[in-house]
Amino acid sequence: MAASKPVDPDSGSALPRWQLALLVGAPLALGIGAAYLWSRSRAKEKRSKGDGERKTPEGSASPVQGQHGATNPDSKSLEKDRAQAAKNRGNKYFKAGKYEQAIQCYTEAISLCPKEQKSDLSTFYQNRAAAFEQQSKWTEVVEDCSLAVEMNPRYVKALFRRAKAQERLDNKKECLEDVTAVCILEAFQNQQSMLLADKVLKQLGKEKAKEKYKSREPLMPSPQFIKSYFSSFTDDIISQPLQKGEKKDEDKDKEGESAEVTESSGYLKAKQYMEEENYDKIISECTKEIESKGRYSAEALLLRATFYLLIGNATAAQPDLDRVINMQDANVKLRANALIKRGSMYMQQQLPQLSTQDFNMAAEIDCRNADVYHHRGQLKILLDQVEEAVADFDECILLKPDSALAQAQKCFALYRQAYTGNNPSQVQTAMTGFEDVIKKFPKCAEGYALYAQALTDQQQFGKADEMYDKCIELEPDNATTYVHKGLLQLQWKQDLDLGLDLISRAIEIDNKCDFAYETMGTIEVQRGNLDKAIDMFNKAINLAKSEMEMAHLYSLCDAAYAQTEVARKYGLKPPTL
């Protein structure tokens, strides 16, 4: 799919990276990308040590800071003993599933316990909350856990139980704050709490993105992004340079034939504006062509839909794409291109079945169109169908032997398959394939960029850095390359200043590069600069090109904001860089 960000070998497409925003305690030697991949792969494993659900009551709470021992008088000691005895009876009832009797015993323990015995009291409240939880009395769970946490702010069981109850009450913000505190206290070692944080962040992100995306102002991407998008197509009529004349619909596939078009054609004007990089006027000119039912209505519909997609307005793009696809008498290249773009749109909307149907239909109606196989190959990578992706790239290369991009992405697909399959010999074969691609196509920046990602995985940092330098030499205005090179400096040399300088350079080159703002925000979280991180994430949110991408960015922003609240309420701050 056109103009997509490079895909990490283990991460798939645009998946939430909130763990990276939270995982500030991970050793920097892992690298920012590696820290994220580690947390994701761990989440996929079977539950391990420390991962069991916290259901049972307990005998004592976590130590309460600053609490002194019990007072000496015999009456206080007797009250404490009677409270403990009531709690022990409650535990027996709890284990027997007699939760109402357990609640009565815990209530008795609370009433008997001396008020200065904060550790014991917090335990009794937490145990009573556990019994209320078994009765699905979520409000009571929150109340008792809150009393427990008030006495012991670092009480993990009470915080996590309250987080689960807040989720049941649909108090997502409060749930997130509690589970964030738990993740920090547990040093991100318990997958149960990590998975709850992931779940809530995804829900919050989707809700906020759905609301924000409806009211967002359409924003034209940078010229560099637009050119990169169109460069991923080789059989796209609408992206071809403006000729002296345009061919009649019935003659589009015949070489050497052209018909002069009057200057009043809105489509021709739109094409002229494309060459001049005056992109803001293209949609309106295409609309003129369509409304006048001009000769190039089909082309104008496709071009308008393409720019609707570029500004993130899929709702407006789809009817135009649908019309082109259903024009049985239109040029087959136009219809196939519309199917590719609608299929890519569906994938962004997380509708892989519809996406696959569109790509398959494109292959049926225009089986000699290399773009179909190239973009379907990228779809297959995102769906973890690597063998099918390689087959599509091979078909694209057969049709367009000079397609450097397809050859580079085929190597990446093979590398991903070998890397995730832990097959060292196939990894080496894929790396050799990258060498062959950059020798055969020394001016293909994408080949160097994908090779650099693979080299970074293999911890061949020096050579990866050389590959990024080649990318910059070939495409000095490609902001994304500077971001990747900056991340490499962090992973390789732990050079925070150089990494940030390179990412700042990316923003100077393209102040609409959401990836740069997102990455900068993530690093600021790692540095403990949460307010600055939130500012960076908000800038990225305003530049998001799809609702799904916006949801992911909101997850990062909410993760950072939750940390600020946890720091304010409980004084909990993870280690920083």
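Yeah, the Cβs are placed from backbone N, Cα and C, and that goes for glycine too.
Source: prediction; values computed, not measured.
What TrEMBL records for 48-57 (among others) is compositional bias 'Basic and acidic residues'.
What TrEMBL records for 62-75 is compositional bias 'Polar residues'.
Among the features that TrEMBL reports, compositional bias 'Basic and acidic residues' is placed at 244-257 (among others).
For 41-84 (among others), the entry in TrEMBL reads region 'Disordered'.
Residues annotated as region 'Disordered' in TrEMBL: 241-263 (among others).
The annotation repeat 'TPR' is assigned in TrEMBL to 83-116 (among others).
Long-range contacts of the repeat 'TPR' (370-403) within its own chain (CB-CB distance under 8 A, at least 6 residues past either end) are made by residues 1-2, 4, 7, 12-13, 232-236, 336-337, 339-340, 343-344, 347, 352, 355-356, 359-360, 362-363, 409-410, 412-414, 416-417. Look at TrEMBL and you will find 370-403 (among others) tagged as repeat 'TPR'.
Here TrEMBL flags 445-478 (among others) as repeat 'TPR'. Here the repeat 'TPR' (445-478) has long-range neighbours at 6, 8-9, 31, 33, 224, 228, 404-405, 407-409, 411-412, 415, 419, 427, 430-431, 434-435, 437-438, 484-485, 488, 491-493, 509-510, meaning same-chain residues at least 6 beyond its ends whose C-beta is under 8 angstroms from one of its own.
Per DSSP, the repeat 'TPR' (514-547) is made up of 29 helix, 0 strand, 5 coil. Sequence annotations record features per position, and here TrEMBL assigns repeat 'TPR' to 514-547 (among others).
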